[in-house]
Amino acid sequence: MQTKPKPKRVPTRKILDTLAVMYPDAHCELDYRNPFELLIATILSAQSTDRQVNKVTKDLFAKHPTPESFLQLTEDELAEYIRGLGLFRNKSKNILKTCRILVEEYNGEVPKKRELLEKLPGVGRKTANVVLSNAFGIPALAVDTHVQRVSNRLALADSENPLETERQLMKKVPRAEWSDTHHRLIWHGRRICIARKPKCSLCDLLPYCWYGKNETNTKVK
DNA sequence: AACTCGGGGCA
DNA sequence: TGCCCAGAGTT
């Protein structure tokens with residue numbers, strides 16, 4: 001790794017506006033109808049694709065729409081539903097523990113506080129933020145691998161630590177734009193600013209991008 | 001900080 | 001065939 005010649009001034013406003021033009025309708029691509037389903041779908045999405053998650057949750061949520069209903073399932077039975085995903089045994093175990101807590105401590109509801117969400121098995125900082133923001137409209141900026149990578153490349157963040165990246169983004173991005181920005185960074189990370197060979201020649205952010213300017217060899221069709 | 005969980009999709 | 005996927009928990 002080279003020492004980073006950080007730009008003197010990051011044109012945050014231009015970056016956010018350009019992202020808005022590029023991805024005007026960016027949104028969560030997990031299928032869910034209520035906070036509980038979003039919580040489960042987000043736990044399931046760890047190291048898996050949202051398409052695979054949507055595939056397995058369709059049948060699962062149809063037959064088990066509530067945490068009470070999930071508790072009728074054994075660990076193996078739930079694992080069978082989500083077998084198409086990676087990490088399915090861990091997820092099955094964690095989700096059943098989480099459902100038990102929801103039923104026994106929160107009257108079957110998903111709590112709306114970060115501290116409580118993060119205590120649920122399988123729920124970390126990222127998942128908690130997704131639920132707060134998408135399900136409850138509580139401002140939060142979830143940092144996953146896409147947000148982390150794209151933020152680093154655009155010099156919106158200079159840390160590899162997701163929590164630190166979250167802090168830096170929250171300082172630079174107006175609170176009202178946290179949710180949209182989160183989704184747009186993800187869409188950008190999946191479509192253009194991909195990990196391996198970013199398609200810099202297709203990127204409207206190139207004029208504002210430290211990485212794109214310095215990695216000319218990565219420009220692929 | 002480094003492991004581990006992990007099957008499926010895609011180049 | 002190898003690499004990655006809207007991470008979290010444990011050591």
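Note: Cβ is positioned from N, Cα and C throughout, glycine not excepted.
As recorded in TrEMBL:
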- A:CYS193, A:CYS200, A:CYS203, A:CYS209: [4Fe-4S] cluster binding site (BINDING)
- A:44-191: domain 'HhH-GPD' (DOMAIN)
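A map of TrEMBL features onto the structure.
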residue: A:CYS193; record: [4Fe-4S] cluster binding site; DSSP class: coil
residue: A:CYS200; record: [4Fe-4S] cluster binding site; DSSP class: helix
residue: A:CYS209; record: [4Fe-4S] cluster binding site; DSSP class: coil
Local confidence of the prediction over the domain 'HhH-GPD' (A:44-191), expressed as mean pLDDT:
97
Around the [4Fe-4S] cluster site formed by A:CYS193, A:CYS200, A:CYS203, A:CYS209, list the extra residues of the same chain whose Cβ is within 8 Å of the site's Cβ centroid.
A:ARG153, A:ILE192, A:PRO198, A:LYS199, A:LEU202, A:LEU205, A:LEU206, A:TYR211, A:GLY212
Residues with Cβ closer than 8 Å to the Cβ of A:CYS203 ([4Fe-4S] cluster binding site), same chain and 6+ apart in sequence?
A:ILE192, A:CYS193, A:CYS209, A:GLY212
Once the chains shown are all counted, how many other Cβ atoms turn up within 10 Å of the Cβ of A:CYS200 ([4Fe-4S] cluster binding site)?
21
Using a 10 Å cut-off, grab the number of neighbouring Cβ atoms around the Cβ of A:CYS193 ([4Fe-4S] cluster binding site), all chains included.
23
If you draw a 10 Å sphere on the Cβ of A:CYS209 ([4Fe-4S] cluster binding site), how many other Cβ atoms land inside?
23
